[in-house]
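Following: one structure in structure tokens, then a few remarks.
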Amino acid sequence: MNKETIKKEFSGILLGVIAFFYIGSLLFYYPGDAGHLSELRWFEFFGRQAMEVVGDLKNPFGIFGARLSDLLICNFLGYVSIIPGLAIAYWGWSMARLKSLKPPLFFTIYTVFMALVLATMFGLSTAPFGDLMAGTVGRMLAAFLSTVIGFTGAWILLIALGVGASLIAVRLLGEQIRHLASSVGGAVNAFRARYAKRPDERRGDRSVAASNPRKKRRASQSRASDAPLSAEVPEPVYDDGELIMPSSPSSMHYVQSEPEPVNGSEQDDEPEITIREAVHEKEADLDKRRLKVRTRDQVPYRFPSIDLLQRTRDEDEYVDQSLLDESKNKLLEKLRIYKIEVLRISATVGPRVTLFELELAPDVKVSKITSLENDLAMAMAARGIRIIAPIPGKNAVGVEIPHGKPKTVWMRSVLQVEKFKNTRLTLPVVLGRTIANEVYIDDLAAMPHLLIAGATGAGKSVGINVMLTSLLYSCSPDKIKLVLIDPKRVELFHYQSLKKHFLVKFQGLDEQIITEPAKAVYALRSVVKEMELRYMRLEQAGVRNIADFNRKIPDEALPYLVVVIDELADLMITAGKEVEEPITRLAQLARAVGIHLIVATQRPSVDIITGIIKANFPARIAFQVASKVDSRTILDGSGADQLLGNGDMLYQPATQPKPERIQCPYISSAEVEAITSFIGSQDGLKQPYELPKPDVNEKISSFSPGGAGDRGARDAMFEDAANLVVMHQQGSVSLLQRRLKLGFSRAARIMDQLEAAAIVGAADGSKPREVLIDNRDSLELLLRNIDEE
Ligand SMILES: Nc1ncnc2c1ncn2[C@@H]1O[C@H](COP(=O)(O)OP(=O)(O)OP(=O)(O)O)[C@@H](O)[C@H]1O
């Protein structure tokens, strides 16, 4: 339990005690106590006289209780003053259960309002208890209303106000009230179930549990299997150690329907669920930073204000316990059928899915649970179930289950955080919120290129807009330039307004956003040429990368180039190799000179995302895809086929073993337009950033450095092979065969060339060769040096 939780629980308990004291004092109000209190001054609680007075008081809550009740009942709202005491209790409950504090706030307003209405009603009545119920304030309000709108008018108005307020309260608080009722009901049922058992049964349970807690669980499992219902449940069948799904429809029936508890103790055996607290990102006003800057050519530039993004209401953090319990029960029920014993369970409620972390009994094989993915999805009648077995770095298995209350993550909310405002990343791109509600920001410069795939409508274009918007909010036009290639013609046209600030200009082309495949090839070759020229400049300056160059010669600082291709398939179908070659070249070499690619496709098939493209894009995002095969193509594993669409995504950074589930924020076209128009309305830069003309006649691969000093003899795949070997740190011929789809003799020949270029060591029998180059930066330098020899 962390400090924050302890603090909240303590405040909750304190408020509960205050509510008890408040309500109790008023309930035990005794009119005669006022006479005794008049002997004391109002602040006198101690001393001999106070002790004597306490002895005479009838109110069991002492001097303070008697005074409080006298003040509120006689001078304020009479007995009706008790009602706001319920709100204090509700505050306490919400605090202790770590719930959102909005419902208690509504409830407080409602109870105070209703207390005023009821007190006035009692003030209007002529009943003998009217005075005590209404108090002075109630009487005054009643007198005022009956004077202004008459006796009948006052009643009509008060009834209308009371009914109206109650209807609004039921709308706003209905779910919470139901939940509160179900929590109380659940506790009562559990209590009744326990004590409904015969005393000898209870004794039996206790003795089993006392001797061995695990036996207790087994005992209840065997009781469950003795019940008539379990006759319908087929035993899971194993074939050669593999679990086979039971085919009997009756098993489905059993799972779908709520199983009758066999007896009261069935519920007791379920592990308690711990709800993990969501991460509370520290908010920060993005507009409270230096918004006005001067570009290098002394043109004033103003960053877009955060107010250009819609001010959307924060969604409630309220965790619907009943939905959570429902999912947990279904999950545990299913696992119980397959005899998978769970020791502990915790839940993290994310924007779209809940992650249940299950700690399994030591004798349960992890593979047993992974094989249940489809089965669980069917049992829960839900899409989007994903099993992470095990969760990296944890002694637990994760099961992600969509919850019934999906929340939209808004762009504004992910940018207005301290993490983004104070980021030190070179090219910060916000990707969304994790299941723990944390804002996930990554550095495009470190990725260093990003491949995005997802079925149509899954959220790729929104995702690209989110990334570009993050860059526009964090980088000035001096720092980044954009190369936008949009074969679909409709996705990136809003960025046309950035032409005077962020879009590059291609020599020989009029457009700044490229839409035709032939021009896309030209544009990509221009970028390759730019890369070559940048390498030359880096070399002249004697530095290794763009960051060092910009530090060394700030007056000639090079901007980072972000190349976005929204939709690769359209280009690959029409231009094939001509597109693949420059993309591969850039992906392999461009990082050091500050050129980064974001490539998206809705067709993650092997003819679009070729082995060579994939090998050079270690960071990948998968939105929802149609099939497991597509998921494997993009992520090398399943999972993306189980996503929910609308920005639900898996991000696989180059440095992590397993992808992370993130909900991409939503940004509308209108918001993108507002931002780009705002930038476009400012004075443009004096000089556009111009990319050089490509050497159209020269084949792209002519930039390939080869091995052994003999350029002509080098294989065309030499450089790809070098990158692959360095990336995997494994000098094996079979790796080249597999990843580059080469025959053995060609792969072996390339391996010899790599040895001649001192990229790998000499052959040592059947062992993989030693890789002599540690990282891609060193490889890039080496390749350039060999090329010049
Ligand atoms: N992060 C998100 N949050 C909420 N809704 C989203 C999100 N992303 C996308 N959507 C919804 O899905 C719709 C389609 O999204 P988008 O245009 O990004 O899909 P796409 O993958 O680019 O499709 P296509 O490949 O056909 O262009 C959006 O109009 C929006 O309604």
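A Cβ is built for glycine as well, from the same backbone N, Cα and C atoms used for every other residue.
Curation plays no part in TrEMBL annotations; they are all automatic predictions.
Noted in TrEMBL for the protein shown:
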type	residues	note
TRANSMEM	12-30	transmembrane segment
TRANSMEM	76-93	transmembrane segment
TRANSMEM	105-124	transmembrane segment
TRANSMEM	144-170	transmembrane segment
REGION	198-270	region 'Disordered'
DOMAIN	436-632	domain 'FtsK'
BINDING	GLY454, ALA455, THR456, GLY457, ALA458, GLY459, LYS460, SER461	ATP binding site
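On the structure: features taken from TrEMBL.
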residue: GLY454; record: ATP binding site; contacts (Cβ under 8 Å, 6+ apart): LYS460, ALA600, GLN602, PRO604, ILE621, ALA622, PHE623, GLN624, VAL625, ALA640, MET649
residue: ALA455; record: ATP binding site; contacts (Cβ under 8 Å, 6+ apart): GLN602, PHE623, GLN624, VAL625, ALA626, ASP630, GLY645
residue: THR456; record: ATP binding site; contacts (Cβ under 8 Å, 6+ apart): GLN602
residue: GLY457; record: ATP binding site; contacts (Cβ under 8 Å, 6+ apart): GLY645
residue: ALA458; record: ATP binding site; contacts (Cβ under 8 Å, 6+ apart): GLN602, PHE623, GLN624, VAL625, LEU643, GLY645, ASN646, GLY647
residue: GLY459; record: ATP binding site; contacts (Cβ under 8 Å, 6+ apart): PHE623, GLN624, GLY645, ASN646, GLY647, ASP648, MET649, CYS664
residue: SER461; record: ATP binding site; contacts (Cβ under 8 Å, 6+ apart): GLU491, ASP566, ALA600
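If one looks beyond the transmembrane segment (144-170) by at least 6 residues along the same chain, the residues whose Cβ comes under 8 Å of a Cβ in the stretch are 106-107, 110, 113-114, 117-118, 120-121, 124, 177.
Close to the recorded ATP site, the chain also has GLN602, PHE623, GLN624, GLY645: residues not among GLY454, ALA455, THR456, GLY457, ALA458, GLY459, LYS460, SER461 whose Cβ is within 8 Å of the site's Cβ mean position. Across the domain 'FtsK' (436-632), mean pLDDT in this model comes to 90. Proximity of the binding-site residues GLY454, ALA455, ALA458, GLY459, LYS460 to ligand 1, judged by a Cβ distance under 6 angstroms to any of its atoms, singles out GLY454, ALA458, GLY459, LYS460 in sequence order.
Counted within 10 Å of its Cβ, the other Cβ atoms near LYS460 (ATP binding site) come to 24, all protein chains included. Classification of ALA455 (ATP binding site) by DSSP places it in coil, neither helical nor stranded.
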